[in-house]
Amino acid sequence: MASKSGDGGTVCALEFAVQMSCQSCVDAVHKTLKGVAGVQNVDVQLENQMVLVQTTLPSQEVQALLESTGRQAVLKGMGSSQLQNLGAAVAILEGCGSIQGVVRFLQLSSELCLIEGTIDGLEPGLHGLHVHQYGDLTRDCNSCGDHFNPDGASHGGPQDTDRHRGDLGNVRAEAGGRATFRIEDKQLKVWDVIGRSLVIDEGEDDLGRGGHPLSKITGNSGKRLACGIIARSAGLFQNPKQICSCDGLTIWEERGRPIAGQGRKDSAQPPAHL
């Protein structure tokens, strides 16, 4: 299963744009992140309104810490702790009812991929998470195809050698319906999944060990609740944008708007905090 935040793991670098105007802003950021378990190093650049955090925490948790200072923060890029850009991607998940989430993929090295994210609106408990073959949402999640499985293997758990490449195991939603997770995977590569889809399921994935007819096919994790196409995203220092060329919104205005649709133009739209 996915690790809980602060439980260790491989350090990555997160690049945030943070609204800062003076030295007291810088001091507030340092004070908030100092001593936080999982935060290894913090570089604050006032002139660039940038905060670079070396951490093992999910990006959403670091963003929440930064915004607890009363300043808006926007994740602009991710990279390895050596500040290398080996590939990054993102999936915006939408589905049944109020379920929505953001999941990011980062190639930490040629052997290791980080998958981290936050999904809201789930029933408390374990939910199977998988990369699927197709980035086709024409019939919602039903047109995403089977699990990504270029090797023709049986379904298994993320620690198994014999498994679908897209088998990411389970993530746990807490009592409030939010799942925040950080997975390190040795089989998945960012460059292999761009253009495919990510799907979260209704129930727990039995990791191929349940004895059900679907155990070795899907993990018997129930219907598909939410999904999104995996798209390339910016690595470290690859996103200098301050104003969106398509509609003139600043990154701070975008922070509280949907990525697309009518709600993007609605100034009263509350932030999703994803």
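Any Cβ shown, glycine's included, is placed from N, Cα and C.
For Cys22, Cys25, the entry in Swiss-Prot reads Cu cation 1 binding site. DSSP assigns Cys22 (Cu cation 1 binding site) to coil in the three-state reduction, placing it in neither a helix nor a strand. The local packing around Cys22 (Cu cation 1 binding site), expressed as other Cβ atoms within 10 Å of its Cβ over all shown chains, amounts to 9.
His155 (Zn(2+) binding site) falls outside any helix or strand according to DSSP and counts as coil. Sequence annotations record features per position, and here Swiss-Prot assigns Zn(2+) binding site to His147, His155, His164, Asp167.
Per Swiss-Prot, the feature Cu cation 2 binding site maps to Cys244, Cys246.
Under the DSSP three-state reduction, Lys76 (ubiquitin cross-link) is assigned to strand. The ubiquitin cross-link annotation in Swiss-Prot covers Lys76 (among others) and is backed by similarity to another entry.
Annotation comment: Swiss-Prot describes Lys189 (among others) as ubiquitin cross-link, evidence class similarity to another entry. In three-state terms derived from DSSP, Lys189 (ubiquitin cross-link) belongs to neither a helical nor a strand segment and is classed as coil.
Residues near Lys216 (ubiquitin cross-link) in space but far in sequence (CB under 8 A, at least 6 apart, same chain), listed by position: Ser154, His155, Gly208. Taken from Swiss-Prot, the feature ubiquitin cross-link covers Lys216 (among others), and the record attributes it to similarity to another entry.
Residues or ranges marked as ubiquitin cross-link by Swiss-Prot: Lys241 (among others).
The disulfide bond annotation in Swiss-Prot covers Cys141-Cys227. With a cut-off of 8 Å between CB atoms and residues at least 6 apart in sequence, the same chain places Gly95, Ser197, Val199, Arg224, Leu225, Ala226, Cys227 near Cys141 (disulfide bond), listed in sequence order. Following the DSSP three-state reduction, the secondary structure of Cys141 (disulfide bond) is strand.
Taken from Swiss-Prot, the feature phosphoserine covers Ser267, and the record attributes it to a large-scale study or a structure entry.
Among the features that Swiss-Prot reports, region 'Superoxide dismutase-like' is placed at 88-234.
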Which number gives the other C-beta atoms within 10 angstroms of the C-beta of Asp167 (Zn(2+) binding site), all protein chains shown included?
29
When the region 'Superoxide dismutase-like' (88-234) is classified with DSSP, how many of its residues are helical, how many are strand and how many are coil?
4 helix, 68 strand, 75 coil
